Amino acid sequence: MLRLQRQVTKIHQATGNNLTQVILNHEPKGRPFQYNQLFRTYKSQTSQELTNAPIKKLLVANRGEIAIRVFRACTEMNIKTVAIYSEQDMMHMHRQKADESYLIGKGLPPVAAYLNIPEIIHIAKENGVDAVHPGYGFLSERSDFAQACVDAGINFIGPSPEVVRKMGDKVEARQAAIEAGVPVVPGTDGPVKSAEEAIQFCKDHGLPVIFKAAFGGGGRGMRVVRELDEIEENFNRATSEALTAFGNGSLFLEKFIERPRHIEVQILGDSHGNVIHLYERDCSVQRRHQKVVEIAPAPHLDPAIRDRMTADAVKLCRHVGYENAGTVEFLLDNTGNFFFIEVNARLQVEHTVTEEVTGVDLVQSQIRIAEGHKLEALKLAQDNIKLNGCAIQCRMTTEDPAKQFQPDTGRIEVFRSGEGMGIRLDSASAFAGAIVSPYYDSLLVKIIAKARDHESAGAKMLRALREFRIRGVKTNIPFLLNVLENETFMSGAVDTYFIDENPQLFQFQQSQNRAQKLLHYMGQVMVNGPSTPLATNLEPSAILPTVPEVPVAKKPPSGWRDILIKEGPEGFAKKVRQHNGLLLMDTTYRDAHQSLLATRVRSYDLNRISPYTAHNFNNLFSLENWGGATFDVALRFLHECPWERLDTLRKLIPNIPFQMLLRGANAVGYTNYPDNVVYKFCDLAVKHGMDIFRIFDSLNYLPNIKVGMEAVGNAGGVIEAAISYTGDVSDPTKTKYNLKYYEDLAGELVKAGTHILSIKDMAGLLKPKAAHLLVSSLRDKFPDIPIHVHTHDTAGAGVAAMLAAAEAGADVVDVAVDSMSGMTSQPSMGAVVAALERTDLDTGINLDNVSAYSAYWEQTRNLYAPFECCVTMKSGNSDIYINEIPGGQYTNLQFQAFSLGLADQFEEVKKMYSIANKLLGDIPKVTPSSKVVGDMAQFMVQNKLTAEMVEERAEELSFPSSVVEYFQGLLGLPPGGFPEPLRSKILRGAKTFDERPGASLPPLDFDALKSSLEEKHGKKISEVNLMSAALYPSVTDNYLDFIDKYGPVNTLDTRMFLAGPNVAQETEVEIERGKTLSIKTLAVGDLNKNGAREVFFELNGQLRSVLIKDEEAMKEMHFHPKAIKGVLGSVGAPMPGEIIDIKVKVGDTVKKGQPIVVLSAMKMEMVVNAPMAGTIKGMTITKGMKLEGDDHMLDIE
């Protein structure tokens, strides 16, 4: 009947006043008038008039990829095209693809612009449009829009207004199906008017049920409810979503079919009563009732079921007089029964897969049908429709699957697509520079793979997805990859529970995105300056240091590590003791640059020289390359993982033992840790390649040293327990740290099981005479224990002291390569090697090799000019024997004095250092005790305090925290105890520790820490990063955030890392073996309205750009505050969007999980729940406010 009504309308249009005459001429005598007979007779006489005029100009009342899809079809048909666009779509691609484009909905909200029927009709009429294609979504299922087109004399590409109305109303469509004899799911007869009515339906028919929008699809306004108490909230949310998406919030309710397959049949009908099907699509892979992956034809569908289903779809469409393209959707249960659910009276998003397997262009068919052509004339008879192969469509969206598919917005910085045989891409905004707004659907690209069977199509799709590179916004590619790699999916045996029942689909491998992150880093340094604070005004040199030649593909010669591996720690120590000649430890890789260059030397430069070191210094006792300050500095300032440094160096230098500095119970930190942290650290260090542990305590506090010794012994490392040397054993007037003190301390260390005995002269106080005296005394007492001596050359007597120690019986002494030696570093390697050549103590090291090694480090040192100690320290200083400042601290203290405005008072600081030391009880000065003395000295200079003033005013002064903690006993007990009454005055009753501080600490729960870190950072935390976090929680957090944002900055050369690139500079970055980035810096743009500058690069020959916030400029601009990362009560927007409801106010008490805010973005609503219980203390949002992701909303206390 509906079809007949439409044909009568056409007859009226075609005949005008002649209709009456036609009826009179054909009215049978004595029988009721037969309209069908009339139509057939008139049609045969006036067939030409019944065919609509050819379409010459077509407007698409839509946006995005579907608009472009229609434009392409029209271009092939020589039809002119017209686009409409909202203010927010001014730069959108679809308006550029049309022959003409017109702004619509000025001043209206983004979605409302495309729902403005009068303006669309006005634009169409004003610009000579004779047809309108509605696309999908927006007005595509609005009968009033179809009617407005007809009333305006514009051809509507779709069913008649009446059919659109009837099929768009899910309730009427259901009734039509019943009338046509098509099986339906039990449900309401009409729209549900209230939550109470829905509750009653559930009581009558049982749960679960599903709410559906009566006037739209695509998962909007669709909610499954399994509990009665969830009805009201879901009814309200679904109503609101439907109203936003379709302009009508009506819902109907159906019984929810468990475990169905979602099968839909593609239909084409013409205006002559002909209806055909183009087979089916399987749309069972859904998330939030929205299709993610579609397949044609449905895999493993029983042919008998296919025949019945397609026949029912055709029968229903004939019953309602359907013409043009449409889709009849069914749920198929596991018993073979299927149920009608709805008709989509429009083109579907997934129409592409049907086109691929049938060869039929559905959009062109729509247009030809709208012109009045018969299906038969278009060669679309049912017998002509054949299936050919299989097609799969994936909807790539700008959603983050790791965050419950929250929509992401922003600028696409990089877009590289997957292409090739069998791949089709339908897109609109998929290009570098495109802005993804929060106002519209998150669909970015439709990827269609076509092959001869399902498995082959899946393989093509998987390959194409892996080829995609999209940067700047998150996408669901990781999720799609997991789907395509899933065996169940590839078998074709999926239902609508597939995603819910496969949680592994949400276990994602993080996209590395290394190139773009590095460009962000380089741009950041160009716009905002170095990420690592530079200590001086000197620039890093522009040269890349020359590495001496090494043999190609030749294994390094065996060394002392081979002996260690073969003999074990005890056997290794015996071999060292039996060795003729002096052994050397090279500190160039650690203590030398800690002393001279503020510990800033990067792995990049260490790695480059390491093959040469392995091939030419295999007879070194060890290479000190880890531990101490290098651990936290790597994380804190160099933004690289110290564990990765250790791993890489171990691979490059397999033959030389590695040595590190372990601060006893403090590990590589500056505080006390639970014992299990120290034990786990040592165990991991050995597993990653560490061999020898120099274990010390800054106060020579035995209980702290023994913890480290036990941890190293349990891990299988070499124990080198150290005496921290201070004072002067050659001066009989200095009685506190005399020979007996060191002999007794050494005796305790030997008794505790040390493999090697170390003298650690941190301040360079060991004069040649003292060295000979101390070493010879220890050698006499412990003839079987190797002795290893460490000093600093601050006074210039280091070489003499080490030669004296060697003469007295030391087995090993510490040196640094010539260009990294002297002053606060270690004595010169070349000097010691040359001095002992052709003697009984000959080191066996080639002086030419030392020179080549030194030349590399001389050039490398210039790269670190901003941290060069020689800026302030021009020579050695013999006053070290007076002030006793450790070499590693000397330069740091200088830089600190400069930063505190005490540069002109540094001499005073040095003198005060000695005074502060006496006030503190004359203690050994090694990190962290040296920091206590340094802090006290600078505190006294800043506040113009004398020792007497400190003692008198101790109860009223606010001392540095390090000083207070020292007096509390948190570093342990100093030799001779704490000075009184100063200790009591400073502490003022604060808690004290008279035993080992770490002994009272409960074991660290590593599992809990790991869970916390993974929740905070949203990714798996490795064992080494977990260990770093146990030692340096906030530093590791910052490091992980930095690397997540800027990528592997350790692959940049040092000048690039420190200073950034210059415009027109070209550089190569090897991000991994065989993968090198070629980068050219092009330009830095002007400041934009958002406080950012665009920085342009050429990456591997392709233009790339990044937007960098200008931090200085932004100080003058106002932006919405961000939620504080890591603070649970600081609640931020989980996605960009608009605040549509605020359910709490300041002062309200909330429970954890209670809804507090409703946010809308991309036509999807999200309820934000309270992350914790508490009270609303502050709010920075109002209803209707538009937010970016992570913008602050409210605080819960």
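Quick reminder: no glycine exception, Cβ is built from N, Cα and C everywhere.
What TrEMBL annotates here:
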{"type": "BINDING", "residues": "LYS170, GLU254, HIS289", "note": "ATP binding site"}
{"type": "BINDING", "residues": "ARG663, THR927", "note": "substrate binding site"}
{"type": "DOMAIN", "residues": "1122-1197", "note": "domain 'Lipoyl-binding'"}
{"type": "MOD_RES", "residues": "LYS760", "note": "N6-carboxylysine"}
{"type": "MOD_RES", "residues": "LYS1163", "note": "N6-biotinyllysine"}
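Features per TrEMBL, on structure.
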residue	record	Cβ neighbours (10 Å)
LYS170	ATP binding site	25
GLU254	ATP binding site	22
HIS289	ATP binding site	17
ARG663	substrate binding site	25
LYS760	N6-carboxylysine	25
THR927	substrate binding site	22
Between GLU254 (ATP binding site) and THR927 (substrate binding site), the C-alpha gap once rounded to whole angstrom: 72
Overall pLDDT of the domain 'Lipoyl-binding' (1122-1197), taken as the mean: 87
LYS170 (ATP binding site) versus recorded positions ARG663, LYS760, THR927 - nearest by Cα: ARG663
HIS289 (ATP binding site) to the residue listed as 'N6-carboxylysine' - Cα separation in whole Å: 69
Distance [Cα-Cα, Å, rounded] between ARG663 (substrate binding site) and LYS760 (N6-carboxylysine): 12
Environment of LYS170, GLU254, HIS289, the listed ATP site - residues of the same chain whose CB lies within 8 A of the CB centroid: GLY187, ILE210, PHE211, LYS212, ALA213, MET222, PHE252, ILE341, GLU342
Integer Å distance between the CA atoms belonging to THR927 (substrate binding site) and LYS760 (N6-carboxylysine): 12
